[in-house]
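Per TrEMBL, the features are as follows:
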- 105-146: repeat 'WD' (REPEAT)
- 147-189: repeat 'WD' (REPEAT)
- 327-348: repeat 'WD' (REPEAT)
- 357-399: repeat 'WD' (REPEAT)
Amino acid sequence: MESSRSSSFFQDLSSRELNGFRVRKRPRFAADFALSFKEVGALAIEHNGDQTPPLAVSFCKTLKNSHIFALSDEDGIVSLFNTRSRFSLFSSHQENSENSRICEWEAHRNAVFDVCWLKDDTQMITASGDQSMKLWDVQEMKCIGILRGHKGSVKSISSHPTNHDIIVSGSRDGSFALWDLRTPSCSKVGNKELCLRASAVVKGAHLSPHAKRIRRQKSASKSITSVLYLKDELSVATAGAVDSVVKFWDTRNLKNAITWCQPKSSDKDTRLHGISSLSQDANGSLLSASCMDNRIYLYNVLQLEKGPMKSFSGCQIDSFFVKSVISPDASYLLSGSTDGNAHIWQVDKPHEDPITLTKHNGEVSAVDWSSFEVGKFVTSSDDFTVRIWNSQNSSCSSSKRATSCNRKRIMAMPTLEQAKDSDSSDSPYFDRANGNIMEPKLGTPESKVKRFLSDAALIESFEKTPEATAKSPSSVLIPPSSMKRKTIRDYFLVAS
């Protein structure tokens, strides 16, 4: 099955170290891209005639399914919608929903606060107010596992960037937990479902400095509102309701946060402001944080000690349901707002007023960009609708990611055995019923293998020289033992 994922900043550095390739520049949208957005269609969120507010939206992560997004709501229902459906100007929101809905099912008997796609969009994890998470076979709409251990609503989940068997979750009980879906420490629930236990739990990750004075009913003060598995594959970022601190943890040693960052507060405003959401771009070099002071802060993960590199204002963030997300190419920042509008900023122009999208009639909460369809995004609102948007004048095809317009794709050639059977090009939601999809067997020419082995020997000999310690990119990713760098902190702290 086609995966079509772009490499992260850290993976690019590894490629340059091993192969001598120049790290590609991050692709960008056309200069006039943000000047014109249009609404493609609006969907009503209701079940059996009863309206319900949406809580989370998430586009599929593979190229073939990039037009499909999942939506969860307060009733515990998960729905999948096709954004390529034809939306008539004369159709009602209810008709649009019926025409574009692929499927829906009751995931929990409580609100579903977050969803996370896994394993080429064949599986999904849902996080609920019933203090549990569930693992789903998406095509069968069947629960294949339950994750229990939190003692409060599960507010946020994120998967490892390359190993989707590893999950991080954050809860209203003030803890975040790591889960391994392959863990043997599980038990049967009924005949088929597995109940998994967390591999590691960090309690009180964002406690208030005045925690002892806070009454028990004010549990939101310690809540984890957002978690994010970073692209370096080792670090986790967490944020909470108590203040604007973003903490970074090394998953190999969770005893203490390795570093943290926080915007500087003004002398006039001494209140503590929580963070509603975190997001990162496709390369993993930038991280955004939506703060309850009505600002969105942008950090360079390699220079966290410098604080936020940019901040964006113009939206109103009065609740923790208002989210923001940076575009995959890090060119644009999209946010919901309590004022009933969605806002978009150009990342390289933080001081300019945002573009305001005014179609909603209630607080705009969850938002998300399509990973591969340039300029397409969705916004959800308390007016019980989800709206699909697209750019009116994109220089790239709407079915391709920005990266495809700026670089050539290098692919390994399939072997002759695979060439005889290559009929699995459709979406897995529609063609898997007839049998298993064969994974391609990729082959590398013998001459390339020899060249790689010779290059590896050259690199090994180079690393033994004194110059290698200071000049090799391995000082960033795989530091020499002489430098005694043993934690992920070195990813974030830049040598002066």
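Glycine is no exception: its Cβ is also placed from the backbone N, Cα and C atoms.
Across the repeat 'WD' (357-399), the prediction's mean pLDDT works out to 87. Applying DSSP to the repeat 'WD' (357-399) sorts its residues as follows: 0 helix, 19 strand, 24 coil. Taking H, G and I as helix, E and B as strand and the rest as coil, DSSP gives the repeat 'WD' (327-348) the counts 0 helix, 10 strand, 12 coil.
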